[in-house]
Each structure stands twice: as C-alpha cells, then as structure tokens.
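Visitor: Sharing a structure here in structure tokens format.
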Amino acid sequence: MTDSVMPKWADVALVPFINLALALFVSGIVVALIGKDPFEALYILVNGSVGSAYGWGYTLFYTTNFIFTGLGVAVAFHARLFNIGGEGQAALGGLGVALVLLYVPWPHWTIAMLAASVGAAFFGAAWAAIPAYLQATRGSHIVITTIMFNFIASALMVYLLSRVLLVPGAGGSPETARFAEAVHLPSAYEIAPWLGFSRSTPLNVSFFLAIAACIFVWLLIWRTRLGYEIRAFGHSEPAALYAGISPTRITMVSMLLSGGLIGLMAVNAVMGEAERLVIDPVQGAGFVGIAVALMGRSHPVGVFLAALLFGALYQGGGELTFEVNGMTREIILVIQALVILFTGALDNMVRSPIENLFATTRRRPASPEPTTPLEPGGHPERGKAEP
Amino acid sequence: MDFLGIIQILDSALRLATPLLFACLAGLFSERAGIFDIGLEGKILASAFLSAAFAFYTGNVWLGLLAGIVASLMLSAIHGLASITFRGNQLISGVAINFLASGITVVVGEAWFGLGGRTPSLMGGARFAEITLPFADAIRGMPVIGPIYSDLLSGHSILVYFGLLCVPLTWWVLYRTRFGLRLRAVGENPAAVDTAGVSVVGLRYAAVMICGVLCGFAGAYLATALSAGFVKEMSAGRGFIALAALIFAKWRPWYALGATFLFGLLDAFGNRYQSLDLFGVDIPTQFMQALPYILTVVILAGFVGRAIPPRAGGKPYVKER
C-alpha cells in the first residue's frame, strides 16, 4: 500500500470516506426499501448520538469499547494476522476483571483499576495464546481457531456464571455478585458534572485508559524494534525470516498484545458499567473491532476516529428503535457489515478507479516510464494505465 | 438408556445434522475451489428468513425454499464479487456477509411483520411435511429393524432425504466428472487450470453459486422443516459448526456426513440432558456444546490426523502481472 500512486491523504482519508459514504448510501437504500425515510433516520442517528450530553455519554462509552477491540485487531493486522476472536478474548477479559475485583478487597479504585487492567489483559491474552501458539507452531489457520475459541469462550462463560460464580439469590439470571463500592470507577458525571452528563451515564475513566492505549500502540508499532519486526513480518514473512526475525515469536507476541488490548475492553464494560460480570458483557464489540481496524487503516488515530463513528452509530441506533416505528437497531449491523465489505473485501473496487484517476491526472504533464517493477500481488491494471 | 431411547436420540441427531450437512457440503464446494467461506452462517440465516417469509405469504413451502435459495445466492454473488472479481480478502468478505445477514433479516423482518424480527408461525402447506416411508407402519412391530426403519429412518421431511442424497451426489460430481476434477484443481493450483485454457473465474463462480444453493437448502430446512418460522439469529452458529465439520472431514464428502452426524448427535445429547453423568464424572451441557469446536481445534492442531486445506484456498488468483 505504501508504494501506491495515490497521495497519502487519499489513502488515509479519501478512500475510507468514500467507503463510508457507499456503506451509508446502500443502508439508506435499505431503509427506503422498507418504506422509511432515510434522511429522517440519519437525523435521528446523528441527533441521538451526538446531539446531547446524554447521547455523548453513551457514544463515548461505546467508543471506549471499540477503541480497545479496534486496536487489538489492528495490532494483529500489522503482523498480517486476522484476529476474529475478539468476542471470546473480551469475554475472558471480563472474567479476569471479575476475579480480580471479587476476591481481593481493594482499598481504592485507582489500584483496583490497575489490577483489573492487568487481569483483563492477562486473561484476554491467555485466550489468544492458544490459537496463536497453534498458528505459530502447527500452522493451524488462526481465523478458524479464533472463531472456534469464541464459541468455546461463550460456553465456558455460561458454565462459570451459571455453576461456579453464580451468587445465591441472583434471581435466576447468571451473574456474579456486585463488585465492592470501593472499586467503583468515577463516571463522567462524577468527574465533570458541568458538562451536563446525566447521572446514569456509563462513560467513565476507562476512556482515558483507551486513549493511553492508542498512544501505547502508536509508540509500539512505529517507535520500537518490536513494532518494526511486527510490521516487517506482516509485509513479508520470508524477508522477515531472512532478517533474523522469528515468525513464531512475532506471531505469539502480536497475538498476545492483540488479545490483551481486546481484553482491556472489560475494564470499561464490566468494571466501569455493569460493576458485575453478566452473560455476554461484550455485546458484539469484538466484531465491531474488525470494522474499526479496517476503517482506521490499523493506525491508532484512524482507530480512534472509526471507534468514535461506530460509538455514535451504536448509540444512535438505539435511539432509532425508540423514535421510528417499525425500525430496529439492527440497521447498525447492516451499516457495519457494509463498512467491512467496502473497506475490507471490496477495497479494490473503490481503490482502483481512484488510483487510475490519480495516475492519469498526474501523468498528463510528463509521462515518466515506470522504473520499478510492479510488486507481486499488485493490481494488474496499474501497470497498464495509459501514459 | 434403552434401545428406544437410543433410537430417539439418533432420530433427533439426524434432524439436527441435516442443516449442518447442507452447509458443510456447501462449504466443501467453495473451499475445494479455493474460496474460503466463513459466510456460511450468514447465508443460512438469510435463506431461513426469506424462505419463512415467502412460505408465509404464499402458503407454499416450495416457493419459500426457492426464495431462500435466491437470498443465499445473492449473498454468494457478493462473496464472489469481492473475492473473485475484485480479489479482496475472502475472510473479511465472509465476516461482512454474516453481519449483513444478521442485520438485514431483523430490519426487514420487523418492517414486514412487526414481530421483533420473527416471522409468523408457519402451518400446513407452508411447512415441509414429514414423510412416512413405505411399509413403515407395517414393520413397526418387528424387533430392532422395526424401530430403526419406522422411527429413525422414516418420518422426516423430504429435505432430510435430499440432504443424504447430496452426499453421494457431491462425491460423484467432485471425483467422477470433468467439472469436479477442474473444480478441485482450481483449489490446488489455479495457474495449471488457467494454462489448460479453463476459466478460473468461471469455475470459482460456479463453486460459490453451488455453495449458495446448498446454504439455501440449509436455511430453508431450518425455518420451514425443523421449526415453524423464522426467529432472530436462528442459525445460532450452525454455519460455523458446519465449517468445523468441514475441517473435521478434511474436505471430503463422505466424511462430511460422518462429521455433521457426530455434531448433530452432540447437539441432540445437549438438548436432552442438562448434564451427562459419564463414568461417574459430571459433564456439564456447556461442554457438550463446546465439544465440536474443541474437536476442530484439536484436529486443526494436527494432534489427531492432520487437516490440510486446499492449497490455493483463500488466495485470489491473479492471471498475469
């Protein structure tokens, strides 16, 4: 992608924007086909998510989740590994948080948050470790094994919550006891009441942890030796091998980092919001991470912005259900699917015409002969552009 | 567990294995042609919804089946477009298709029926009836053979028998026809097929479309035979279990029958017993539910017989550079 004929701004901004516009356009057609007004739906979406402090409280809460899962998927992407197991890793992260907070009497939320983060990251990474190990040493396809581990995690969590961690008298719903009052994370309402957040806002200090995670990933990928090795491995495994980079080590390390980052989501969702471990604390956020990482081009800044977009979509989608009769929040899944489709799978469909456009406008003054051979796996059309 | 109990479990396993079998054979065609398909789940779901919706509107289950196949084919076309024509990432395309199906079935379902994503219950001709095989009543009284024939083999919907028929059919197509040979070759070495003057793109589209048709059967069976109508997320991971079965079967048709029946059996056990007492050890039902996935990971890890996928699987074919 780096040797593209497109200027950088087109790659990082124009193409994702067109992808998003296409996804919204097609979703708009779907909305119109079922007899609703797409512009009204869009207005409710935007207004419900960012039109009020109440909306922002939820939007940024979802954003926090998606930053963690998006960063996790992005780190794996850099090593050209597709971690589709975010659901399971985040659920296990929730287990880590719950165990840390239930069995240790923490004096203050700051220490508890630190410990819970370690627990979440450790459990999330542990759940990614087995697929990573099997990929690295046995060549088992990581996509398949991580999917399988999602289902195994889901069964494991149901088992643990309904048989092991269940509190007596929880009213039948499988959940753990409520965490102690001392480990309550300050919510946005408690930190900054002057911003107008409602008392029930789920947004909490984990948001800052998510921003810290963005900075950490940026430093790691572009400013450390390990990050260089991950990227080198992702670009070309034989070259990395030749340079003395161990594929086993990079596969393990990047998947552990990926799982750990995704596990951290539980600090926000389990410790920050629910304050107990319930069935399925992840709510699809692990999958949203895929869309976020794709759309954010695996860059922390992109991931942050894409997470914000999806946070707004998830909050606004909830509002749609209340406001429009016969409309459900699942329209968000459609938008999410289309974003993944256009940014991930149909990327060439959007990219090639734009590339050709740039190639023709740029070559018009003088027609320089291509001096470098095309890279393998490149677009065959690229070399054929008219001089 | 007595003999009749075993028959009942096997009978239930056969019903539950049928959608897995269709989906597994669907995946087999696609992956043998070198197109990974993790969107089986989404295609099953889309087909289940549209078949139930059309069966409800028309009162004719066959029209429902046709609509289900069309729904599945449309998603197949997207997958083909993304992974064959535009050479995109097949795994990402599959993920997108799964989300598209789980979103759009509920959105459209709510708009059409207003039942929170369900379709109304199907009755009479809008469902596949159970077929009684000839002489089933006559030989019911016979020991051993009677229950096996009358209770286990007889009394299923026609799709169950068609599913079983698809196994030898798939085997025959793949191993005894020119098309099958080319299809398998395109999944192993597309360049060789191309050199021989056969269209890689055409073959792969054909495989993806066959996959769509079979997923259509799986979804229609789910909504109009196994249950009476569509409910939100009713595929419930069956597409992924089918994928697991496909790996378990090492991409071979007869083994696919075995693997899907085994996973159907696990499902049937899980439905019947909340927990299973095996040799004094209490095995929770969740373990039974997770067992197909655990087995698949073990197989993939190569500890028990190595599963080697088609060599060109997942790689877009670039004709020339």
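A Cβ is built for glycine as well, from the same backbone N, Cα and C atoms used for every other residue.
These figures come from a predicted structure and were not determined experimentally.
Per TrEMBL, the features are:
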{"type": "TRANSMEM", "residues": "B:6-28", "note": "transmembrane segment"}
{"type": "TRANSMEM", "residues": "B:63-84", "note": "transmembrane segment"}
{"type": "TRANSMEM", "residues": "B:91-113", "note": "transmembrane segment"}
{"type": "TRANSMEM", "residues": "B:158-175", "note": "transmembrane segment"}
{"type": "TRANSMEM", "residues": "B:205-231", "note": "transmembrane segment"}
{"type": "TRANSMEM", "residues": "B:251-269", "note": "transmembrane segment"}
{"type": "TRANSMEM", "residues": "B:290-308", "note": "transmembrane segment"}
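Buried or exposed, and what's around them? Tell me for each listed feature.
Guide: Taking Cβ pairs closer than 8 Å, the transmembrane segment (B:205-231) reaches residues 15-16, 18-20, 22-23, 25-27, 29-30, 32-33, 35, 37, 40, 43-49, 51-53, 55-56, 61, 64-65, 68-73, 75-77, 79-80, 83-84, 105, 109, 117-123, 126-128, 157, 159-160, 162-163, 166, 179, 183, 186, 238-239, 242 in its own chain, all 6 or more past its ends.
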Visitor: Does the transmembrane segment (B:158-175) make contact with the transmembrane segment (B:63-84) through 3 or more Cβ pairs under 8 Å, each pair 6 or more apart in sequence?
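Guide: Touching, no - the transmembrane segment (B:158-175) and the transmembrane segment (B:63-84) miss the threshold of 3 or more Cβ pairs under 8 Å.
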Visitor: Out of B:63-84, B:91-113, B:251-269, which stretch touches the transmembrane segment (B:6-28) the most, going by CB pairs under 8 Å?
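Guide: So the stretch in question is B:251-269.
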Visitor: Should anything in the same chain at least six residues away from the transmembrane segment (B:63-84) have a Cβ under 8 Å from its Cβ atoms, list it; otherwise answer none.
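Guide: Here the qualifying positions are 35-37, 39, 42-44, 46-56, 90, 93-94, 96-97, 100-101, 126, 201, 204-205, 208-209, 211-213, 215-217, 219-220, 223-224, 316-317.
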Visitor: Residue list, the transmembrane segment (B:251-269) vs rest of chain: Cβ under 8 Å, 6 or more residues beyond ends.
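Guide: Residues packing against the transmembrane segment (B:251-269) from afar: 9-10, 12-18, 20-21, 24-25, 28, 31-32, 164, 167-168, 170-171, 174, 241-242, 244-245, 276, 288-289, 291-292, 309-310.
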